[in-house]
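Here is what TrEMBL records for this protein:
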DOMAIN    19-137  domain 'Phosphotransferase system enzyme I N-terminal'
DOMAIN    166-235  domain 'PEP-utilising enzyme mobile'
DOMAIN    263-535  domain 'PEP-utilising enzyme C-terminal'
REGION    36-56  region 'Disordered'
Amino acid sequence: MTTPSASTSLPPSGTVLLGVPVVPGVQYGPVIRPGRLPVLDDEGSSETAEADRPAEAARFKAAASAVATRLRDRAAHATGAASEVLAATATLAQDRAWLGAAEKRINEGAPAVRAVVGAVEQFADMFTKLGGLMAERVTDLRDIRDRVIAELNGLPEPGVPLPAVPSILCAEDLAPADTAGLDPTLVVALATTLGGPTSHTAIIARQLGIPCVVAVNGLDAVDPGTMVLVDGTRGTIHVSPDSSAAGEAVAAAHRDAELAAQWSGPGATADGHPVAVLANVQDGAAARAARQTPAEGVGLFRTELCFLNRDAEPTVDEQAGIYAEVLDAFDGHKVVVRTLDAGSDKPLKFAGHPDEANPALGVRGIRIAGRNPGILQRQLEAIAAAGQRSGNPPWVMAPMIATAEEAKEFAAQVRSHGLTPGVMIEVPAAALLADRILEHVDFLSIGTNDLAQYTMAADRMSADLATLTDPWQPAVLMLVAMAVRAGAAAGKPVGVCGEAAADPLLACVLTGLGVTSLSAAVAAVQGVGAKLAQVTLQQCRDAADAVLTTATAADARAAALAVLG
Ligand code: PEP
Ligand code: MG
């Protein structure tokens with residue numbers, strides 16, 4: 001196995017690049033890469049000669065129409081909120097008002113690129129002044145501007161391109177907003193140069209159910225169009241492999257997945273010890289997809305992901321509608337709604353984040369409510385309204401709780417809305433004092449992604465530190481064990497909703513530690529449930545005991561494998 005040097009020359013055929021495996025599965029296909037944002041400044045360009053202006057206007061209209069058609073195609077391939085966003089953007093791309101303003105500028109002599117920049121800024125100013133919903137369209141309008149300019153300049157579409165054949169998306173890193181409309185039948189795997197096992201690229205890949213490898217050394221040098229084999233189980237990227245061997249590897253992975261697909265729930269070990277297997281979702285569409293699996297409920301509804309593109313806070317009524325969609329999808333089943341975990345790598349424009357040198361350690365999650373209590377109050381009002389509307393009152397939990405005092409205040413607010421309060425255990429301080437926190441709340445949910453980040457003092461987005469943020473780190477599992485023990489002593493449920501619960505082997509170890517539920521991305525539900533059904537509670541307990549005596553993540557994995565197979 002060869003590992004490329006730091007040079008940026010193209011890796012030779014057969015090279016195997018190494019990364020951190022985060023979503024299992026194997027896929028083979030051509031590389032696609034997100035296009036870069038176009039340069040907007042063409043002030044140096046000269047006026048178009050009068051005779052050439054009709055042709056320049058036609059060139060502009062063809063570019064705008066190509067962009068709108070592509071967005072409409074993507075909307076047709078996407079589902080739920082993503083499809084609606086893309087369809088609305090396609091409509092805006094054909095809006096006569098800004099198209100007319102750009103054409104007018106072209107007819108007055110501006111080259112098409114300058115006309116597009118000018119017309120879009122004219123409307124962006126107008127939308128901003130109008131405020132509210134109109135102001136929220138400014139981002140979409142600028143996105144259209146970038147796409148039309150790229151088309152005019154013959155450059156690849158900015159953002160994630162729409163491939164003609166199933167492809168492997170390779171990038172430095174991917175923001176949640178970049179990937180909103182990804183179609184898992186066309187983007188069949190993800191690989192990134194940056195990111196850790198709990199980065200949002202990994203979370204999105206799990207939600208889409210596609211293999212993913214992050215922190216891949218040398219990936220930047222692999223050009224678009226190169227055929228690669230992504231192995232999300234081993235964490236490897238084979239560059240230009242033998243095509244028949246690659247085809248066989250993909251087929252073998254599919255056979256394994258088919259075995260997992262036969263599991264039909266409910267979550268239990270082979271000897272019948274129940275552990276609820278739940279789903280992590282981010283909107284109604286994901287919840288409806290989760291309902292098609294044996295998932296017994298929703299263990300984590302990441303509400304902040306509904307609002308990443310919003311400039312203004314959605315009204316209580318609009319929020320209630322969005323939350324009710326998830327509750328309706330799991331009518332009569334447990335749904336745990338998490339209040340906004342805004343900040344750090346998921347900033348929300350309307351949350352009023354301060355400028356901070358170190359946002360992961362700053363005003364994030366429940367801490368937002370300290371500066372802006374109204375945001376939490378209105379969200380709880382909306383969650384309670386959604387519960388009433390759907391007849392399925394949810395459990396509600398706060399992210400980033402660090403002290404028992406914070407848990408007490410949050411619980412009082414949640415109870416005043418007639419809802420069941422809980423908190424996430426993501427900060428080591430909260431794991432250490434879980435018994436005191438449980439005096440105030442009815443349940444705990446362990447967020448192993450942030451718990452690993454804060455226990456190991458290692459940024460979950462850092463590729464260099466990916467082995468430290470591995471949820472198999474024994475120090476992280478010791479803290480999980482503490483919180484679970486506190487739950488058992490208080491007779492209150494303790495689940496895991498971080499990515500650790502999506503790793504079938506680690507899910508068995510967590511069961512052995514005593515967790516009462518495992519909440520994983522929809523695509524991981526079958527694999528987790530199927531693995532759990534193959535082992536006994538005693539095996540899970542033996543594996544947990546063995547893991548807690550190890551000193552490294554690799555030894556912890558090996559110890560669990562030795563017991564659980
Ligand atoms: C976690 O930290 O484990 C978690 C589930 O929250 P998020 O990944 O959304 O930060
Ligand atoms: Mg978290």
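Each Cβ is built from the backbone N, Cα and C atoms, and glycine gets one as well.
Just so you know, TrEMBL annotations never went through curation; they're auto-generated.
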## Note on the structure
DSSP composition of the region 'Disordered' (36-56), residue counts helix/strand/coil, works out to 7 helix, 0 strand, 14 coil
### Message
Based on DSSP, tally up the residues of the domain 'PEP-utilising enzyme mobile' (166-235) by helix, strand and coil.
### Response
16 helix, 19 strand, 35 coil
### Summary
Model confidence for the domain 'PEP-utilising enzyme mobile' (166-235), as mean pLDDT, reads 83
### Task
Using DSSP, tally how many residues of the domain 'Phosphotransferase system enzyme I N-terminal' (19-137) sit in helix, strand and coil.
79 helix, 12 strand, 28 coil
